[in-house]
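One structure is given below, encoded as structure tokens.
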Amino acid sequence: MPMQGAQRRLLGSLNSIPTATPNLGLAANHTGAPCLEVSIPDWLFLSLGLVSLVQNVLVVAAIAKNRNLHSPMYCFICCLALSDLLVSGSNMLETAVILMLEAGALATRASVVQQLQNTIDVLTCSSMLCSLCFLGAIALDRYVSIFYALRYHSIVTLPRARRAIAATWVASVLSSTLFIAYCDHAAVLLCLVVFFLAMLVLMAVLYVHMLARACQHAQGITRLHKRQLPAHQGFGLRGAATLTILLGIFFLCWGPFFLHLMLVVLCPQHLTCSCIFKNFKVFLTLIICNTIIDPLIYAFRSQELCRTLKEVLLCSW
């Protein structure tokens, strides 16, 4: 979808609405009714992207450096970091190009801008799909490690993990290319929304089942040592809180973006929906925030990875 004016984002395939005006306040929609419009300054957007970029580069470097981390689980974590890196990097590139075009520092033909837009769209969409896929893969890997502990190393082997990773990247790039090529079709956007909901349900079911098993295990230990029940209840509450935070962050960071896509299909001309469309950059910013949070949840909690990360940082100095 071609750009119309300097205020259009390059990510026009998934958003045909102008970006927010440079303040937080009430803007008028087509009928003059107030419409809340939140602005994300470019410097803040680029800063968050840079933090995400640095974090995820460090995760990839640490896993690549330490052979002890070349297991299927860490391969999935590495690919999650790589896809998050591409999500933040592609959005930073898009913002930088827009700023240069607006400032007149980059002069090029409309056809070149269109090709660049399509390339960034495919890169962004494929990296987002990969990020969601690897979040699901990490949940599935943990599920197998708990419920099939004795057979885990025969089920989740490194060759199988590598084949699954390669298939995920190829499928994401191919599907993203098709999505961008046929972005005007409602079925394409609905497919993306359904995919997000499927990943959300998959993660919720797996993690809830793991929490239930962990509570049963804690209850068994409590009975074995004849300890009081509140200790088990406390464990259950902590586990439920952790699960709520994990799934809550995922839903809060990704949900608004896919809600935007769903509303584009359901009510593209509705006045209330048009107000939501104006905050598209906020939804992208939430996804960037998720790429910052992912390493904190999945990578930096590993002592082995943190030790390797310190070595990487010391070597870089």
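Placement of Cβ uses the backbone N, Cα and C atoms for every residue, glycine included.
Note that the structure is a prediction, hence the values are computed from the model and not measured.
As recorded in Swiss-Prot:
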| type | residues | note |
| --- | --- | --- |
| TOPO_DOM | 1-37 | topological domain 'Extracellular' |
| CARBOHYD | Asn29 | N-linked glycosylation site |
| TRANSMEM | 38-63 | transmembrane segment |
| TOPO_DOM | 64-72 | topological domain 'Cytoplasmic' |
| TRANSMEM | 73-93 | transmembrane segment |
| TOPO_DOM | 94-118 | topological domain 'Extracellular' |
| TRANSMEM | 119-140 | transmembrane segment |
| TOPO_DOM | 141-163 | topological domain 'Cytoplasmic' |
| TRANSMEM | 164-183 | transmembrane segment |
| TOPO_DOM | 184-191 | topological domain 'Extracellular' |
| TRANSMEM | 192-211 | transmembrane segment |
| TOPO_DOM | 212-240 | topological domain 'Cytoplasmic' |
| TRANSMEM | 241-266 | transmembrane segment |
| TOPO_DOM | 267-279 | topological domain 'Extracellular' |
| TRANSMEM | 280-300 | transmembrane segment |
| TOPO_DOM | 301-317 | topological domain 'Cytoplasmic' |
| LIPID | Cys315 | S-palmitoyl cysteine |
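Through the fold, the transmembrane segment (73-93) approaches residues 11, 45-46, 48-50, 52-53, 55-57, 59-60, 63-64, 120, 123-124, 126-128, 130-131, 134-135, 137-138, 141-142, 145, 156, 158, 161-162, 165, 168-169, 284, 287-288, 290-291, 294-295, 298-299, 302, 305 of its own chain, all at least 6 residues removed from its boundaries and within a Cβ separation under 8 Å. On the 0 to 100 pLDDT scale, the model's mean across the topological domain 'Cytoplasmic' (141-163) is 92. Relative to the transmembrane segment (280-300), the listed stretch 38-63 leads the set 38-63, 119-140, 164-183, 192-211, 241-266 in CB pairs under 8 A. Across 38-63, 119-140, 164-183, 241-266, stretch 241-266 shows the highest tally of CB pairs under 8 A with the transmembrane segment (192-211).
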